[in-house]
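**Student:** Got these off TrEMBL a minute ago, pasting:
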- 78-108: repeat 'PPR' (REPEAT)
- 109-143: repeat 'PPR' (REPEAT)
- 241-276: repeat 'PPR' (REPEAT)
- 345-375: repeat 'PPR' (REPEAT)
- 376-410: repeat 'PPR' (REPEAT)
- 478-512: repeat 'PPR' (REPEAT)
- 615-649: repeat 'PPR' (REPEAT)
- 693-785: domain 'DYW' (DOMAIN)
Amino acid sequence: MATPNPSIFTSSLEFYAHVLQTSSKSRNPFAGKSIHAHILKSGLHLSVFLKNNLMNLYAKTESISDARKVFDEMPVRTMYSWNTILSGYLKQGELDLAHEVFNNIPNRDSVSWTTMIVRYKEMGRFENAIKLFVEMVKDRVFPTQFTITSVLASCAAIGDLCVGRKVHSFVVKLGHGRCVHVMNSLLNMYVKCGDDNMVKVVFDQMVLKNVSSWNVMISLYMQSGHVDVAGAQFEQMSVRDIVTWNSMITGYNQHGYDIEALDMFTNMLKESSLKPDKFTLASVLSACANLEMLEHGKQIHAYIIRTEFDASGAVGNALVSCYAKSGGIETAQKIVEQSGTSYLNVIAFTALLDGYIKLGDIGPARRIFDSLRDRDVVAWTAMLVGYEQNGLNNDAVELFRLMVREGPKPNNYTLAAMLSVTSSLASLDHGKQIHAVSLRSGQGSSVSVSNALITMYSKAGSINGARRVFDLIQWHQETISWTSMIIAFAQHGLGEEAIQLFEKMSALGIKPDHITYVGVLSACTHVGLVEKGKTYYNLMKNVHKIEPTPSHYACMVDLFGRAGLLQEAYDFIENMPIEPDVEAWGSLLSSCRVYKNIELGKIAAERFLLIEPNNSGAYAALANLYSACGKWDDAAKIRKSMKDGGIKKNQGISWVQIQNKVHFFGVEDALHPRKNAIYNMMAKIWEEIKKRGFVPHTESVLHDLEDEVKEQILRHHSEKLAIAFGLLSTPENTTLRIMKNLRVCNDCHSAIKFISKLVGREIIVRDATRFHHFKDGLCSCRDYW
């Protein structure tokens, strides 16, 4: 710093004052003590004016201890002296010493109060800032514009609308209404505190408005979903900054107006000289991702590369999401490999996961998941859901176990997803373990978890477990909960219980939805309550004004068909206001096979195959219908046409879980390591139940074979082998739970009734349509299935 010539000043006092003020502006840390020494030599050390300037220099060059020495040596102190040392302590973070000084100031002025209030606000101690403001008002010190903006910012930060309104009254009283910064602070306070009406009032009353004022209003309207109003405000603006454009682009994107977001971005590039920032690019890439506009995303990516824009953080995540959602999963993976996963957020990871699921290859997603630095509960849940959606239920179970051991605490979404996995596996043991985890984590009472528990217990064959969960949450009166329980009862053949629950639901005023009606119509179907089903169907349409879906129509066809009312079922299909689907025709075809109606069965099969020409189920059902009616040549022709067309029949498979391991069985299965023991066990059981009166249903074998051969085939049906293995592998008196992918046949149904009485166990079989609870020689379906 060049030393000025003393001769140009009228006095030494003026000279030293100039040197001190110049040094304060340059914040020269070495100037203070040197100038201080010269002042002492010149005898001007008693000047309050010079001491104030000297103290200010020390404070600004972070020599607060030297500033305090000067302050303590002052025989006379002005308000400037007090405020200077106060400000110095606050800037150094010496809050206790600042308080000591503040409390000792004889007559605190607005600068003293504002200095403290501003510092508290900057430190995030908003309550203290507000409390000081209240004390300032009580001390009859008028706040300045700076005080007011700081207090309003503090009120906005903690949502203190009460004090904010009082500050507003000061704005009016002190005549600060023409100060744009004060009025903008008011706008911000009311926005953050949620008083939208006052935001509009303040905005309309503003004499002067700047870009920030308009931006607040645009942001407000966008956040509240009034997209058109925000657009109108935007059009009224004569000057726009990057915040204005970002508010519009981001708002459009967040509310699903992605085309408008891209148009706004195009207009921004055309009409202004502003350059996109990270918020602009992240929102535009998000719009491209939602629209799956890969080419647009590539153009923005090219801009990012060309301008050497920092593509980490939000922009990088948006870029990955854009490519992953738009079919460019390989490029998305390259970006992750080049940039690493340290910045990858859950949204981008989920987009990658979805992309890999679409490709049927979830391995890369797991590798990325394993490399994520911050794997929160959302990331874990996304990975678990990815496994579930890809049918990799065992991988989901293993990952969940790892999460319980090493990861974050599962939330209700995690638990609901895992209960869905165990429902698919029909694994009661796994389901009970997850139920225990939900109770320990405090999520057991969550409605979503409870509903998933009802479904899990029901699909695992434990209707009592489902009922116990429902009894704990039915007071919630959630439609979904009641619907889940009604469907559970229906699946287990407890039609009367399902209907009673539906009636109770209606009496409590809980409104059923279309899924509820699928449940109650299914319940009527499984127990043959045709008239009751027709009543509920009409109630759904005429009282609750629910338009029937294909599922409702299929339920009605099934209701008539199972009861043997095949013509009524066919007439119902013909009179449907929508085109019948495979579910309706398939239901009729299945009933025709049971009741051996070839004429209607052929019609149902033909109409079915017009919709899905390669559906093996329709061919198989028609062939079985011919076989059941003894038309072996026709059945053979159908099977030959299947073979010639390369159409393979779905094979019957049954499975049973023993000690967390699932064992699968097919007809005449010879692959199981314990096949000899299983076949011997089944042979013994077969002879014993025949002694007790069981007669094999040889007509269930739909091939033209000798009865002895038919009986051997029947003895080795998949569910019988699974039962034999279950009896060999589990303690006596325990319940056996068997799962089957197709409808259980007449012979197996009859045989299992005898087996349940023979071994003294309950045997629960879940087939393609429902549960059968076999106990003491009886079945819960009462032989109506």
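Glycine residues also receive a Cβ, built from the backbone N, Cα and C atoms like all the rest.
Note that this is a predicted model, so its numbers are computed, not measured.
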**Student:** Should anything in the same chain at least six residues away from the repeat 'PPR' (109-143) have a Cβ under 8 Å from its Cβ atoms, list it; otherwise answer none.
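**Tutor:** That would be 79, 82-83, 86-87, 90, 95, 98, 102, 150-151, 153-155, 157-158, 160, 163, 167, 170, 174.
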**Student:** With DSSP as the reference, give the number of residues of the repeat 'PPR' (241-276) in helix, strand and coil.
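**Tutor:** The composition, in the requested order, is 27 helix, 0 strand, 9 coil.
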**Student:** May I ask for the residues of the chain that lie six or more residues beyond the repeat 'PPR' (376-410) and have a Cβ under 8 Å from a Cβ within it?
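**Tutor:** Answer is 346, 349-350, 353-354, 356-357, 360, 362, 365-366, 369, 417-418, 420-422, 424-425, 430, 434, 437-438, 441, 443.
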**Student:** Calculate the per-residue pLDDT averaged over the repeat 'PPR' (345-375) and state the result as an integer.
**Tutor:** 82
